[in-house]
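Novice: Take a look at this one; I'll ask things after.
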Amino acid sequence: MTHILALDQGTTSSRALLFDGSLRPVRIAQKEFPQHFPQPGWVEHDPEAIWATTLFTAREALDGTSPGAVAALGITNQRETTLVWDRTTGRPIHNAIVWQDRRTAPFCEELAAEGWSEPVADRTGLLLDPYFSGTKLAWLLEHVDGAREAAEAGQLLFGTVDSFLIWRLTEGRVHATDATNAARTMLYDIRRGCWDEEICRRLGVPLSMLPEVRDCAGDFGTTTMLGGHLAICGVAGDQQAATIGQACFAPGMMKSTYGTGCFALLNTGSDFVRSRSRLLTTIAYKLDGRVTYALEGSIFIAGAVVQWLRDGLHLIGTAAESQALAEAADPEQDVVLVPAFTGLGAPYWDPDARGAIFGLTRATGPAEFARAALESVAYQTHDLWEAMRRDWPGATRAVLRVDGGMTASDWTMQRLADLLGAPVDRPVVRETTALGAAWLAGHAAGVVPGPEEFARTWALDRRFDPSMGDVERERRIALWDDAVRRTLSHR
Ligand SMILES: Nc1ncnc2c1ncn2[C@@H]1O[C@H](COP(=O)(O)OP(=O)(O)O)[C@@H](O)[C@H]1O
Ligand SMILES: O=P(O)(O)OC[C@H](O)CO
């Protein structure tokens with residue numbers, strides 16, 4: 001009983017990782033699935049593709065391991081993505097509406113005009129933005145034939161991806177979520193720890209369709225679909241799971257994950273910090289009935305800018321080539337890219353902004369584009385870093401722990417340290433999201449060390465120390481600030 005299976009259901013792929021008793025990854029399986037864009041700004045997933053790839057990768061990762069050797073199952077997932085299914089058949093009534101989907105922007109404006117911004121921020125910690133589940137769920141109830149009546153009759157269930165997977169894995173026995181996923185719905189009061197009846201009423205969401213909210217390490221039922229009886233006992237949204245996987249258990253510790261987007265979370269302990277800088281307040285984790293809060297900065301384009309260099313501009317053949325190209329850039333040229341391809345997230349929250357590039361001359365070529373693309377990720381992180389330090393005096397630990405695919409780029413990590421003026425630490429284990437889910441499941445099952453001991457096992461791969469002078473850093477940040485100002489739609 002020494003292994004732990006973690007399922008990481010992400011935006012573009014499902015992954016499954018098998019960890020040994022010392023929380024070392026021993027086997028990994030990954031499968032991409034299609035993205036659907038039915039209209040500009042809309043993004044959907046086929047729930048059956050989410051389910052099929054999850055099951056496939058779980059079975060692959062377990063291949064050859066006897067069911068008796070797996071002590072626990074943890075689930076971590078793309079957050080906010082919204083599903084509704086029939087409680088009898090288990091069939092979804094529509095495709096999942098993905099977190100990136102902007103279709104409910106007009107509804108959010110309507111809610112803001114009615115004065116909902118303040119109660120939403122005060123109770124849920126979130127901003128009125130289409131990013132979160134609540135307005136997506138309201139859209140489904142409004143637009144799918146017969147959905148409202150069926151929901152009111154108690155026939156339909158809502159869930160984020162974790163709930164849907166738990167429902168399917170337990171064959172309809174458990175309808176539950178964890179506190180971190182609930183915190184992203186815009187329907188959950190993260191101070192009182194309950195669904196907010198008033199917000200649900202305004203959005204037309206019957207309480208009967210909402211999952212039960214449980215601690216991140218606890219009982220989420222048992223599955224027999226992977227061989228034997230496997231206890232599902234760890235659940236967290238992917239960014240919160242990465243916070244745990246990075247062992248950011250102490251207030252003041254911060255991690256930043258660089259995948260398609262970038263999500264930075266700062267542990268603020270038992271403090272619900274109301275951001276004055278348009279960051280989000282969220283639940284980092286709930287363990288043994290106790291909530292730990294976080295401030296979060298969400299950037300929609302990080303590694304995606306490298307994909308754009310590769311697939312949009314065809315300047316590189318692989319993501320890894322971006323570094324050599326950036327290194328060849330002319331140091332005399334100040335080319336700045338603001339990658340507002342789908343608007344700007346924190347701290348600007350401007351859904352109408354679109355990408356822009358500044359400082360082009362006749363001498364500008366692919367190398368300067370590549371450098372500007374990689375640098376844009378560091379500049380955006382700098383915005384979040386400054387906002388966090390403004391918002392919460394406890395943000396004094398001047399080290400950032402990083403993970404995600406883009407952290408493979410040493411050049412980008414060095415530039416990040418330079419622009420933050422602070423060290424950036426990259427761990428040996430970069431599968432921190434799955435590791436966090438595995439730790440939660442192992443914690444509930446009592447087979448892994450407690451938080452302090454687990455934190456001591458965090459191992460540094462490389463520290464990037466800042467090497468840029470203050471004058472040069474400030475000069476560059478002023479260029480970025482000016483570029484953002486000129487890119488925003490409401491100048
Ligand atoms: N060597 C590299 N340099 C820069 N970016 C990279 C490199 N390797 C991967 N990436 C970027 O990292 C992202 C993939 O990271 P990953 O953590 O797997 O993301 P996700 O979970 O969002 O799919 C891609 O957007 C890719 O462009
Ligand atoms: O699936 P990822 O890694 O792109 O993460 C998505 C986030 O959870 C969205 O909030």
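A Cβ is built for glycine as well, from the same backbone N, Cα and C atoms used for every other residue.
Quantities reported herein were computed from a predicted structural model and do not represent experimental measurements.
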Novice: Given that TrEMBL annotates Arg79, Glu80, Asp238, Gln239 as binding glycerol, state which candidate in Tyr131, Tyr293, Tyr348, Tyr379 belongs to that site as well.
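Specialist: For the glycerol site that includes Arg79, Glu80, Asp238, Gln239, TrEMBL also lists Tyr131.
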Novice: Using only what TrEMBL says about ATP binding by Thr11, Thr12, Ser13, Thr260, Gly303, Gln307, identify which of Gly172, Gly394, Gly405 is listed for that site too.
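Specialist: The one candidate that TrEMBL places in that ATP site: Gly405.
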Novice: Could you tell me which three-state DSSP class Arg79 (sn-glycerol 3-phosphate binding site) falls into?
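Specialist: Looking at the DSSP assignment, Arg79 (sn-glycerol 3-phosphate binding site) belongs to neither helix nor strand, so coil.
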Novice: Excluding near sequence neighbours, so keeping only residues 6 or more apart in the same chain, what lies with its CB under 8 A of Tyr131 (sn-glycerol 3-phosphate binding site)?
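Specialist: Listed in sequence order, they are Glu80, Trp99, Gln100, Ser298, Gly345.
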Novice: List the binding-site residues Tyr131, Gly303, Gly405 whose Cβ sits under 6 Å from any atom of ligand 1, in sequence order.
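Specialist: Within range of ligand 1: Gly303, Gly405.
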Novice: Within the same chain, and leaving aside Thr11, Thr12, Ser13, Thr260, Gly303, Gln307, Gly405, name every residue whose CB is within 8 angstroms of the centroid of the CB atoms belonging to the recorded ATP site, in sequence order.
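Specialist: What remains near the Cβ centre is Gly10, Gly259, Ala304.
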Novice: Let me know the model's mean pLDDT on the domain 'Carbohydrate kinase FGGY C-terminal' (255-445).
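Specialist: Reported value for the domain 'Carbohydrate kinase FGGY C-terminal' (255-445) is a mean pLDDT of 93.
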Novice: Considering only the binding-site residues Arg15, Gly303, Gln307, which possess a Cβ situated under 6 angstroms from at least one atom of ligand 2?
Specialist: none
Novice: So which of the binding-site residues is most packed in, judged by how many other Cβ atoms lie within 10 Å of its Cβ, out of Thr11, Gln307?
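Specialist: When each Cβ's neighbours within 10 Å are tallied, Thr11 tops the list.
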Novice: Can you give me the Cα-Cα distance between Thr260 (ADP binding site) and Gln307 (ATP binding site) in Å, rounded to a whole number?
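Specialist: Per the Cα atoms, Thr260 (ADP binding site) and Gln307 (ATP binding site) stand 9 Å apart.
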